[in-house]
Amino acid sequence: MNNILKNRSLYLIGMMGAGKTTVGRLLAKEMGYSRFLDTDNIIELVKGQTINEIFTTVGEESFRELETQVLAELCTYTRTVVSTGGGIVLRQKNWSYLQHGLILWLDVPVKLLMSRLTEDNTRPLLKDADMEKKLQTLLAQRQHLYNQADLRITVQPQETPEQVTKRILETIPSILKPPVVPPTYLN
Ligand SMILES: Nc1ncnc2c1ncn2[C@@H]1O[C@H](COP(=O)(O)OP(=O)(O)OP(=O)(O)O)[C@@H](O)[C@H]1O
Ligand SMILES: O=C(O)C1=C[C@@H](O)[C@@H](O)[C@H](O)C1
Ligand SMILES: [Mg+2]
C-alpha cells in the first residue's frame, strides 16, 4: 500500500472520539509514511499543559488560535498523516491548510461516540454536560463542515481500528483523479 497518495499528506477530521488519533497512527504505518502527527498532542507538548488545562487557563478561543498556528506549520509537510482536533473545521482559515492534503472525515454515530467517551474526562467540551445532548449539538453544528472532506468513512459499531484502516486504504484509490496523460502528437 506504499505511496497510495503520491506523497501527499492525509488529514483526519471528525468528532471527538471518532478514532482520528487511533486510526491515524495505523494509517501512517500501513501507508509507509514515517510521520504521524496529532494537533492536540502537539499543542499539549508546546504548552506543557493538557487540553483541559489550556481550556481552563486561557479558554477555547486561545486554544483555537494555537490549533491554527500548529496546523499552519504541519501543512508544509508531505508524507504525513495528521490527526486533528474535533473542532479544527470551525475556522475557515484552517481549511486552506487542510487542503494541502487529502481530507478524510471519520464519521461515527453519536451512540458509538458515547460508548467510547463515557469513561474519558480529557475532553473539556464534554465536561459538566449531558454528553449525548452535547455531542448531538456539536455534530449538528459541524456536520456540514465535516462534509467538506474529500472522503467520508462511516464507521460501523463493530469495526475495529484495524478494519477501519483497511477500509480507508481500499477506498482512497477510487476517489483519486487519474493522472493527467499529456497528449501525444503524431509527426
Ligand atoms: N474502531 C474503534 N473501535 C473501538 N474503539 C475505538 C475505535 N477507534 C477508536 N476507539 C477508541 O475510542 C477512543 C477515542 O479514540 P481517539 O482518541 O482515537 O479519538 P479522536 O477522534 O482522536 O478524538 P479527539 O477528537 O478527542 O482527539 C479511544 O479510547 C480509542 O481507543
Ligand atoms: O471537538 C472539539 O472541539 C475538540 C476535540 C478535541 O480533539 C480537542 O481538540 C478539544 O477537546 C476540542
Ligand atoms: Mg485525537
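A Cβ is built for glycine as well, from the same backbone N, Cα and C atoms used for every other residue.
The structure displayed is predicted, hence computed values, not measured ones.
Features reported for this protein in TrEMBL:
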type	residues	note
BINDING	Gly17, Ala18, Gly19, Lys20, Thr21, Thr22, Arg123	ATP binding site
BINDING	Thr21	Mg(2+) binding site
BINDING	Asp40, Arg64, Gly86, Arg142	substrate binding site
In sequence order, the binding-site residues (Gly17, Ala18, Lys20, Thr22) whose C-alpha falls within 10 A of Gly86 (substrate binding site): Gly17, Ala18, Lys20
Cα-Cα distance, maximum over Gly17, Ala18, Gly19, Lys20, Thr21, Thr22, Arg123, record's ATP binders, Å: 16
Cα distance (Å, whole number) from Asp40 (substrate binding site) to Gly19 (ATP binding site): 13
Lys20 (ATP binding site) - helix vs strand vs coil (DSSP): helix
Nearest of the binding-site residues (Asp40, Arg64, Arg142) to Thr21 (ATP binding site) - Cα to Cα: Asp40
Cα-to-Cα gap, Thr22 (ATP binding site) vs Arg64 (substrate binding site), nearest whole Å: 22
Three-state secondary structure, which DSSP defines for Gly86 (substrate binding site): coil
Rounded Cα-Cα span from Gly17 (ATP binding site) to Asp40 (substrate binding site), Å: 13
